[in-house]
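Read through the structure below, which is laid out as structure tokens, and then see the notes.
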Amino acid sequence: MSQPAALPLPVARSVASLRQTVADWRKAGLRIGFVPTMGALHAGHLSLVERAKERADRVVVSIFVNPTQFGPSEDFSKYPRQEASDAARLAAFGVDLLYSPSVAEMYPAGAATTVSVGIVTERLEGVFRPTHFDGVATVVAKLLNQVQPHVAVFGEKDYQQLLVVKRLVSDLDIDSEIVPGPTVREADGLAMSSRNAYLSDEDRAIAASLPATLNFVATQLRSGVDAAPILEAGRIRLMKAGFREVQYLDLADASTLAPLERADRPARLLVAALVGATRLIDNMAV
Ligand SMILES: Nc1ncnc2c1ncn2[C@@H]1O[C@H](COP(=O)(O)OP(=O)(O)OP(=O)(O)O)[C@@H](O)[C@H]1O
Ligand SMILES: CC(C)(CO)[C@@H](O)C(=O)[O-]
Ligand code: BAL
């Protein structure tokens, strides 16, 4: 029987082997940084690794396509999986350990606990992906408990997720600092995302209008005017550019995500829209 090719960096596939490595680092007094991902790595992920490296002596990256955060009609089975090329990029970036557990290791038979974060999960993504944040919160709580990092880095591209993770860590007294990483964009402004790989050339051209529209809307909202007509103009602009559906384009308080009528305090503009069969999200400070 042929053996799978060895990966170019140490890999832990079980909670026990992960714990052994991080316990040794702790005993040696080293600071541990952590970047959780679902793989199909791009420069956005690597920017989070860079931030973790600046703040820690050893960095763990997890790759786990978490089934519990996908809805029944979402893309769990087709989500890109490319562990060998991801591992090569992580090794070249000086990551110390890849943590890549199986679904059975993460959710052994009999697992019956779900972590559910209130209020901040209710709007925006929570409306269109009603089971999503329970899945994210449960797996992030488990990952942070398994790695016990001093610092963990999460991208602002998933802005609501970042707030959910901060709430979770505060509410459950998890002893890890959560550090945000700014959104890394393609040359035309499109936020890097593993799901961009789904886009046809035609859809990719349409997708570029998402950050352009966010910029256009955010610029006007910064003057403190009534948001409703500007948000509506933004939605129309996206549909005219070729988006199939704009699920939301909303202005929200930057720390609670409560809806705002105008940007009279730190605010965030957030969008989710479908181009062809692909769902894209993005956000911007206002
Ligand atoms: N363009 C980006 N810039 C900075 N961080 C990012 C970017 N894209 C994703 N991240 C962050 O990387 C981490 C892992 O995200 P994930 O593996 O889901 O990647 P993704 O590209 O967002 O994938 P998806 O297409 O599934 O949303 C998250 O903290 C996410 O916010
Ligand atoms: C944080 C995360 C790794 C949990 O599965 C995922 O939601 C992601 O990649 O953003
Ligand atoms: N990047 C967030 C994970 C998800 O969409 O499932």
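Using N, Cα and C of the backbone, Cβ positions are placed for all residues, glycine too.
According to TrEMBL, the ATP binding site annotation covers 38-45, 155-158, VAL184, 192-195. According to TrEMBL, the active site, proton donor annotation covers HIS45. Per TrEMBL, beta-alanine binding site is recorded for GLN69. Residues or ranges marked as (R)-pantoate binding site in TrEMBL: GLN69, GLN161.
TrEMBL feature annotations superimposed on the structure.
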| residue | record | contacts (Cβ under 8 Å, 6+ apart) |
| --- | --- | --- |
| MET38 | ATP binding site | ILE63, PHE64, VAL65, ASN66, TYR79, SER194 |
| LEU41 | ATP binding site | ASP86, ARG89, LEU90, SER194 |
| GLY44 | ATP binding site | GLY155, LYS157, GLY181, THR183, VAL184, ALA191, MET192, SER193 |
| HIS45 | active site, proton donor | VAL35, THR37, VAL61, GLY155 |
| GLN69 | beta-alanine binding site | THR131, HIS132, PHE133, ASP134, GLY135, VAL136, VAL139 |
| GLU156 | ATP binding site | LEU162, PRO180, GLY181, PRO182, THR183, ASN283 |
| GLN161 | (R)-pantoate binding site | GLU125, PHE133, VAL136, PHE154 |
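Counted within 10 Å of its Cβ, the other Cβ atoms near VAL184 (ATP binding site) come to 18, all protein chains included. Checking the binding-site residues MET38, GLU156, VAL184, SER194 against ligand 2 with a 6 Å cutoff on the Cβ atom leaves MET38, in sequence order. Among the recorded positions GLY44, HIS45, GLN69, the residues whose Cβ lies under 6 Å from any atom of ligand 3 are, in sequence order, GLN69.
Closeness to ligand 1 is met by SER194, these being the binding-site residues among LEU41, GLN69, SER194 whose Cβ falls under 6 Å from the molecule. Around SER194 (ATP binding site), taking its Cβ as the centre, 18 other Cβ atoms fall within 10 Å, counting all chains. A coil conformation is recorded for LEU41 (ATP binding site) in the three-state DSSP classification, outside any helix or strand.
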